[in-house]
Amino acid sequence: VAYHNWAHGWSVAHAMFVLLNSTDIFDPSESLALFISCICHDLDHRGKNNAYMKNMSTPLAAIYSTSVMEHHHFNQTVTILQQDGHNILKSMTSDEYKKALSAIKHCILATDLALARMAGLCAEGTFDIKEIEHRKLLQGILMTGCDLIASAKPWSIQTETVKVIFEEFYEQGDAERINGKDPIPMMDRMKAHELPQMQVGFMRGICVPCYDAIATVIPEVSKLRDQCEYNAKMWEQLAEEQKKEDEAK
């Protein structure tokens with residue numbers, strides 16, 4: 001798998017490790033759950049998204065009705081924890097273990113749907129870290145922020161990572177085309193010239209708002225927001241250049 005492999009899992013976990021060392025918002029058990037969730041959040045990824053799994057009627061799609069791959073990633077996590085010598089949570093009490101697994105499941109299943117609610121709470125100034133639901137929202141947003149960490153890394157790393165991500169996307173598009181389905185533009189290698197514009201939409205629609213929301217609660221994360229903003233502007237420049245090239249043709 002081009003992108004969703006061990007290197008990605010390590011990168012996401014590293015981002016969470018650095019972030020957790022920048023704040024004391026979470027207690028040790030919450031921090032452990034967040035860190036484990038990052039390492040395991042894409043376990044056994046097939047290089048294909050949920051839409052592909054459903055459209056191709058894959059066995060996994062038959063097992064899970066929603067969030068197909070996310071449920072699979074969590075179940076893979078549990079499977080590993082149950083193997084001899086692999087249960088790093090075995091010293092916990094029964095209640096602690098259940099709480100940890102519940103937190104890990106929540107984090108792995110966390111989706112971008114939480115972003116709009118979190119952003120709204122921050123904008124209204126009503127976010128309260130002591131409220132359980134708000135804490136869970138923050139955890140979900142942190143998972144998203146770490147998952148998208150390449151968007152907040154130096155431009156040279158951002159561009160190289162995007163190339164790898166889109167190669168995986170194009171491989172899915174190729175598979176869809178072979179099966180008689182038209183891939184969406186993002187997965188269509190015939191539309192690779194539109195990549196900068198697609199990145200602008202992604203950065204402005206998801207990445208920047210995500211780091212904005214996190215930075216409101218954890219100011220130390222503002223450097224990620226700033227780098228993400230810089231990268232978004234760079235993509236906008238490339239998109240503008242591509243537009244002029246297209247018009248010239």
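Even glycines carry a Cβ here, placed using N, Cα and C.
Remember, it's a predicted structure, so these values are computed and weren't measured experimentally.
TrEMBL has this to say about the protein:
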- His4: active site, proton donor (ACT_SITE)
- His4, Asn5, Trp6, Ala7, His8, Asp42, Asp147, Gln199: AMP binding site (BINDING)
- His8, His41, Asp42, Asp147: Zn(2+) 1 binding site (BINDING)
- Asp42: Zn(2+) 2 binding site (BINDING)
- 1-242: domain 'PDEase' (DOMAIN)
- 1-22: signal peptide (SIGNAL)
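Mean pLDDT, taken over the domain 'PDEase' (1-242), works out to 94 on the 0 to 100 scale. The number of other CB atoms found within 10 A of the CB of Asp147 (AMP binding site), across every protein chain shown, is 20. A Cα-Cα distance of 9 Å separates His41 (Zn(2+) 1 binding site) from Asp147 (AMP binding site). Apart from the site residues His8, His41, Asp42, Asp147, the chain places the Cβ of His4, Gly9, Val12, Cys38, His45 no farther than 8 Å from the centroid of the site's Cβ atoms, the recorded Zn(2+) 1 location. Counting other C-beta atoms within 10 Å of each candidate's C-beta, the binding-site residues Asn5, Gln199 are led by Gln199. Around the Cβ of the residue listed as 'active site, proton donor', the same chain contributes Asp42, His45, Gly47, Glu168, each under 8 angstroms and 6 or more positions distant in sequence. Within 10 Å of the C-beta atom of His8 (AMP binding site) sit 22 other C-beta atoms, taking all shown protein chains into account. Annotation: His41 carries the greatest number of neighbouring Cβ atoms among the binding-site residues His41, Asp42 [cut-off 10 Å, Cβ to Cβ].
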